[in-house]
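Notes to accompany the following structure.
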Amino acid sequence: MKSLEYYRSQPKADVHTHLNLSMKYERYKQWSGVVIPNFPRKMRGLDEMHEIIGEYTRPQCKTAQDVLNLFTMSIEDAIADNVVVMETSVDIGFITHYEENLDHFLCDLSDLHRRYKRNVTLHFELGISKIRERSFVEQWAEPMMRSGIFENIDLYGPEISEGIEDFIYIFKLAEKYHLKKKAHVGEFSDAQSVRHFVEIFNLDEVQHGIGAATDENVLRFLAERKVRCNVCPTSNVMLNAVECLEKHPIKKMMDAGVRVGLGTDDLLFFGKTNSEQLFDMVSCGLITELHAEALLAVR
């Protein structure tokens, strides 16, 4: 079996990350001076994760410089894992840390592109939460999309279908500015919710999407539409979306012809790089080395 060092040595993509939470805990602890008890640890779903964010991480991020420091740590830890393509979500709300100075915000992102371009290709995606005030999104989404800094859009938040029609306008804007369209669904929700989100938003990619594995028809639908699911196995286990790594549906999805990419999601919380995830999945028999090579090849 190929070693962990082999997977670390291979160039790879990380196609599902959140840029403010994608550094290793040790680096974050050194920067913030904050020790999170019993961490990283398996959690009781997103509610417990958000409790930790509210108590330990959000209070440490107050200024534009704090945001930039977090982003920088995340990018450097990705590079250390030989990530050469990083698709990473930047929440629209960080404009408030920049005192609503859009030029300053965009300039910092542009500078990150330039600073690290020899090591990694960064694809910034505009992250928008479903619980964000609509007036705020309407104020900032279009100028951010129009800037050319963002290549993708990512809608996240509660995985419920009720009221999602309210977000169609965001994806129409994304189409206007030629952004790739993503949304979080199927992490805890079912196969039909995955199909519904893909259809109503005309998604190019799904963030997670593992709920689709319970329905062969939905897997076929995703495969036929060539919709990629950006799956985060360790995150799914740590948040109790999946009982254990051995029971993760990533292989079933790949074998059904669904395009699958691999992501760390929030490295700070889940503690496994993509190299480590590949090694762990092969080691436990979840996937074969051929599956691992296919995931390494994704860009």
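One-based numbering along the chain as shown.
For all residues, glycine too, the Cβ spot is worked out from N, Cα and C.
Substrate is bound by H18, G157 in Swiss-Prot, and the record lists one more residue there from D266, D280, which is D266.
From the candidate list H104, H113, H178, H184, the residue Swiss-Prot records in the Zn(2+) site shared with H16, H18, D265 is H184. Here the Cα atom of G157 (substrate binding site) is found 15 Å from that of H16 (Zn(2+) binding site).
Between the alpha carbons (Cα) of E187 (active site, proton donor) and H208 (site 'Important for catalytic activity') lies a span of roughly 5 Å. Of all the Cβ atoms in the protein chains shown, 25 others lie within 10 Å of the Cβ of H184 (Zn(2+) binding site). Taking the Cβ of H18 (Zn(2+) binding site) as reference, residues of its chain lying under 8 Å away and at least six apart in sequence are, in sequence order, T88, S89, D91, G127, D265, D266. In sequence order, L21, S89, D91, G127, Y156, H184, D265 are the same-chain residues whose CB sits within 8 A of the CB centroid of H18, G157, D266, the residues recorded for substrate being left out. Sequence-distant contacts of H208 (site 'Important for catalytic activity'), defined by Cβ-Cβ distance under 8 angstroms and a gap of at least six in the same chain, are H16, H184, V185, G186, E187, C229, N230, V231, C232, N236, A241.
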